[in-house]
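One structure below.
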């Protein structure tokens, strides 16, 4: 069964979802049939073909009337503000990827269902009313056929949860604090402007900017047994892509660097293969650009003092997350 997918909102995540689909070998279980975005179609085609972060698309993108042609495939292009008025039923859309950042609650995202879509995945942390928050590889098995609107969590939660899962299963995570050293994103500013958050008011290109994140606490939505045990904050830094999670936690028993690294190596080679990668080389952030894994554990940075453990993982906050959107779409459509 081929899942028909539509993308609503063609920004960083929307474009990378499309590129990941084609660059990953074009999955035969999924077909992108439509894109809805208020931007000019020719401009969006150009931005798909040429990307500052991920380079030139290794294929062909052109505009054909009311559609894109991507490697010969025709993808309908729409420009409708109200999701309820989109022709999802006419196009046979199984799953809408809601990538605008505007419809992040079940109530708002359900407008796509009124348009005829069967399911919706929000590409951001969802409201409390969503049917599930999913980190593929960690808890996608909880999906049910009755789920209609789900959240794909955040890029940082998608990095953190695969790191925490095997550690909690083998060592027990009593509690922990996380810092994500995060590349700047489009919700920041190039030069100082008025903002209610005085740190967010400052130039993204000139400073390290501490700010809040719900990524650590959201692990409790994915692994309920850890609800309330994790917290943290973000430091936005002047790099365009790739971020680093730094997690310190108290284990339920004493451990060693060797045991911690062994646990995560086994997970990366086993149940989390393709989701969690394992690195032993002395690399820097740019080396993980365009890496499709959700999380790359860096074994060279592990520190242990009795029950106090520090682990670190790199993640391409655009590319890894976009690949998981595709995985989650297929899992949601096939949920029983």
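From the backbone N, Cα and C atoms, a Cβ is placed for every residue, glycine too.
Swiss-Prot lists 12, 13, 37, 81, 123, 186, 317 with the feature NAD(+) binding site. The Cβ of residue 13 (NAD(+) binding site) lies under 8 Å from the Cβ of 99, 123, 318, 321, 322, 325, each of which sits 6+ residues away along the same chain. Under the DSSP three-state reduction, residue 13 (NAD(+) binding site) is assigned to helix.
Residues or ranges marked as D-glyceraldehyde 3-phosphate binding site by Swiss-Prot on the basis of similarity to another entry: 154, 155, 156, 185, 200, 213, 214, 236. Of all the Cβ atoms in the protein chains shown, 21 others lie within 10 Å of the Cβ of residue 154 (D-glyceraldehyde 3-phosphate binding site). Under the three-state DSSP scheme, residue 154 (D-glyceraldehyde 3-phosphate binding site) falls in the coil class.
Annotation for residue 155 (D-glyceraldehyde 3-phosphate binding site): same-chain Cβ neighbours under 8 Å, separated by at least 6 residues, are 243, 315, 317, 318, 320, 321. The active site, nucleophile annotation in Swiss-Prot covers 155.
Summarising the annotation, Swiss-Prot assigns site 'Activates thiol group during catalysis' to 182 and lists similarity to another entry as the type of evidence. Counting every protein chain shown, 23 other Cβ atoms lie within 10 Å of the Cβ of residue 182 (site 'Activates thiol group during catalysis'). DSSP assigns residue 182 (site 'Activates thiol group during catalysis') to a strand segment in the three-state reduction.
Checked against residue 12 (NAD(+) binding site) by C-alpha proximity, the binding-site residues 156, 185, 213, 236 yield 185 as the nearest. When each of the binding-site residues 185, 186, 213, 317 is scored by how many other Cβ atoms sit within 10 Å of its Cβ, 186 comes out lowest. Summarising the environment of residue 200 (D-glyceraldehyde 3-phosphate binding site), the number of other Cβ atoms within 10 Å of its Cβ, over all protein chains shown, is 16.
Put simply, 154 is the one of the recorded positions 154, 182, 200, 213 whose Cα lies nearest to the Cα of residue 81 (NAD(+) binding site).
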